[in-house]
Amino acid sequence: TTTEEEEAVPKVESPVVVVTGASRGIGKAIALSLGKAGCKVLVNYARSAKEAEEVSKQIEEYGGQAITFGGDVSKEADVDAMMKTAVDKWGTIDVVVNNAGDTLLIRMKKSQWDEVMDLNLTGVFLCSQAATKIMMKKRKGRIINIASVVGLIGNIGQANYAAAKAGVIGFSKTAAREGASRNINVNVVCPGFIASDMTAKLGEDMEKKILGTIPLGRYGQPEDVAGLVEFLALSPAASYITGQTFTIDGGIAI
């Protein structure tokens, strides 16, 4: 009966969540996890419209609500339009997960410095700033920024990526201090090597080398990261956690 079903499903106030870079990988897993948990999810993508639509469709199949929004998080106009889309549709924004640009490339050219900074750091700043304006009015909100273990320990050939991700950690600590008086929690999640299209393409030698650096001896799954993000985004038990960096990397940064 309906009553039994209602009892089985815990009541959630359907928080409104914006997930950037949500068409694949970690972002997709986060969007699906939050959608399944009863959130209304804006699925942001930069180029992969078809994949993003699929994510939205899956959330709707779970009985959730979702909309897709194509936009570049390193462009202020796109970010403002994205937040406005969520507010126009659902009236508010409760949670923002800044995941766009979280691609762990093995090597990066120096010429890509600005591009990597714009996507990984400026994007987090712009999205956080736009969301905070909305959250401050209602004195409540949660922001989760996806950084990388590389931002903590560095990696040869990834100076730009490491600098951007370390920047996200420093930025988040400041944002947590600034948002605390308005009940806005800001935390960081630092994934290590997570199984993806890219790890699947690595040669056997490279894979062996990488797995050798991971004490648990395996890649993480996008769902591992999504589970931690869901806790930080929705759980009442996370309400007293702010300004913290959570490493989910199989032990790389021990």
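Easy rule for this one: first residue shown is 1, then count along the chain.
Just so you know, glycine gets a Cβ as well, placed from its N, Cα and C.
Residues annotated as active site, proton acceptor in Swiss-Prot: TYR161.
For VAL19 (NADP(+) binding site), the same-chain residues lying six or more positions away in sequence with a CB closer than 8 A to its CB are GLY27, ILE30, ALA31, LEU34, VAL41, LEU42, VAL43, ASN44, VAL97, ASN99. Residues or ranges marked as NADP(+) binding site in Swiss-Prot (evidence: similarity to another entry): 19-43.
Per Swiss-Prot, the feature substrate binding site maps to SER148. Counting every protein chain shown, the number of other Cβ atoms lying within 10 Å of the Cβ of SER148 (substrate binding site) is 29. According to DSSP, SER148 (substrate binding site) sits in a coil region rather than a helix or strand.
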Cα-to-Cα gap, TYR161 (active site, proton acceptor) vs CYS39 (NADP(+) binding site), nearest whole Å: 31
SER148 (substrate binding site) and CYS39 (NADP(+) binding site), distance between Cα atoms, whole Å: 25
Distance from SER148 (substrate binding site) back to SER23 (NADP(+) binding site), taken between C-alpha atoms, in Å: 19
